[in-house]
């Protein structure tokens, strides 16, 4: 089905206010969920909203909490999210990293005691729109087996890198082949995954999203490489924030909350003039996209460039929402 941005935001806002969230916070949170969905990231927008409300009702998320600065070391700051609303706090933390970068050339904010930030790409994009390189990542509860194991002991720990090119170039990727959100999107659409995304119960690689959702044997991106990246990203976020690791979140908490996150902004214009920056970026993009195609009907893509098109299409034609997901939200 199709809905407008206004319908989507109003539905989110209604549910948040009915759960006791104050009107200003509810409006800002609803706006972010709706913008994420409008951008085409349904897995971490509309599809994730019922799960967000579940955690709000369980007390994992404290809606009136505000992040608090703990330590300041020039370009580096350490903050405690105090289990505040994840997407609103993440936006504030990237804003703070940008402020630090404006003074120092680079800014790094390490955040502990945080909640799920929904679409991580929003915060990299936020920096790139202002002309900064944006880098951020988060740890999570253990939802992926390390390479060679059957039991979940590491997080998908998504990493975002956004570059202020025209259009913005951005990688937004979990350390698994697919996020659990994208497994859900494909299952709801009745689709197999385009490539293997995990193991079935017999230990064979599979493209069936429902099987992987059930047995949790999701495949690390690049096999052992994604497994290793997940571990070191967790270590860095834990150390810099003095926060909880994947092990601590999984073993000590009843659900995924109290996680650790990193936000980095780099002011490129302190290092290179604007025309030179633009020319270098354009040469890179042109060199990549003019490579001989393996399939004449399939264009060579640059990461993140599709979001500009998706956003325009959703604004023109309405936002596609799965019927069952919309029914869940209406019932909240």
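Any Cβ shown, glycine's included, is placed from N, Cα and C.
Now, the feature entries from Swiss-Prot:
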- 44: active site, proton donor (ACT_SITE)
- 168, 169, 170, 171, 172, 173, 174, 224, 225, 304, 305, 306: NAD(+) binding site (BINDING)
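Counting in whole angstrom, residue 225 (NAD(+) binding site) lies 25 from residue 44 (active site, proton donor) by their C-alpha atoms. With every protein chain in view, the residue among the recorded positions 44, 225, 305 whose Cβ has the most Cβ partners within 10 Å turns out to be 44. Around residue 170 (NAD(+) binding site), taking its Cβ as the centre, 23 other Cβ atoms fall within 10 Å, counting all chains.
Taking every pair among 168, 169, 170, 171, 172, 173, 174, 224, 225, 304, 305, 306, the residues recorded as binding NAD(+), the greatest CA to CA distance is 30 Å. Residue 170 (NAD(+) binding site) is 16 Å away from the residue listed as 'active site, proton donor' when you measure Cα to Cα. For the binding-site residues 168, 172, 174, the greatest number of Cβ atoms within 10 Å around a candidate Cβ is found at 174.
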